[in-house]
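Annotated in TrEMBL:
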COMPBIAS  15-49  compositional bias 'Low complexity'
COMPBIAS  56-70  compositional bias 'Basic and acidic residues'
COMPBIAS  87-98  compositional bias 'Pro residues'
DOMAIN    154-260  domain 'DUF4352'
REGION    1-99  region 'Disordered'
TRANSMEM  105-129  transmembrane segment
Amino acid sequence: MDREDHEYDYPGPSADAPGTADDMGAADDPGIADDMGAADDLGLPALTGSGASASRPEDTAERSSARVRDVPTGLRGEPVPGMGAPRPRPVAPAAPEPSPRRRRLLIGGGVASVCALALLLGSGALLLARPWEDTGEADAGAATSVTAAAPARTVTVDDATVTVTSLESGLSQVGSGADRRDAEGEYVAIVATVANGGDEVLFWDRAMDLVGTDGATHTADGEATSAYDSDADDNLIIPPGETANVKIVYDVPIGTSPESATVRISRGGDETTGTLPL
């Protein structure tokens, strides 16, 4: 039986038919193009039709997350080769400088503190250095403790004035070397000035006797007087209007305290005496 060719008029696919427009737009979708390129690289058959556009949602999420991750860096903050530069770290803002008014207040407060400390230290030093005020009773006691001035050891006899300039007592010896003299008791040495205020020559020959507090009188020791180390003389003639230094040494019992001396002045054969306080 011969087969007859029959022609059937079937309607063509409409543009509004479901799936047709999606298949046509899938060719323009970048995701589909990537899938097609990946298939070529791996030697797989390219996806066509509706299968090329069926991309998995998890693949899209992985691609999105890979684009937003930070570029890894090294231990010291340096970028790893092949990676992009890291994003700069935020810098803390600098502290604002104090206003001029606040600065003046701070400086003024510091100066005031230093002045107050200096004033406090100065007041303490003044209190320590200032003596305590004495009461009237203390002043009265101090006044009573003042010793009276020693009387002048001088006397004038027949226009001759004798003044003591040095007095030593309790000496065990006088002189030195061959002139050394040792006391039987102890020596009392007197050095004085004699001023001749008369009109006649004055002869001075150890003309003075020592009187102790016990009332005993002691005459001069000639050898001890000559040996006594002093610039004064012991036997001399004093012209009118002249002054001379004289010395006299007495050998007295131990413990003798000198009280006065009896001065003898001789002129023209006449002798006058006077008491010299010691």
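Note that Cβ sites are derived from N, Cα and C of the backbone, with glycine treated the same way.
Note on the domain 'DUF4352' (154-260): mean pLDDT across this stretch is 92. For the domain 'DUF4352' (154-260), DSSP puts the residue distribution at 9 helix, 64 strand, 34 coil.
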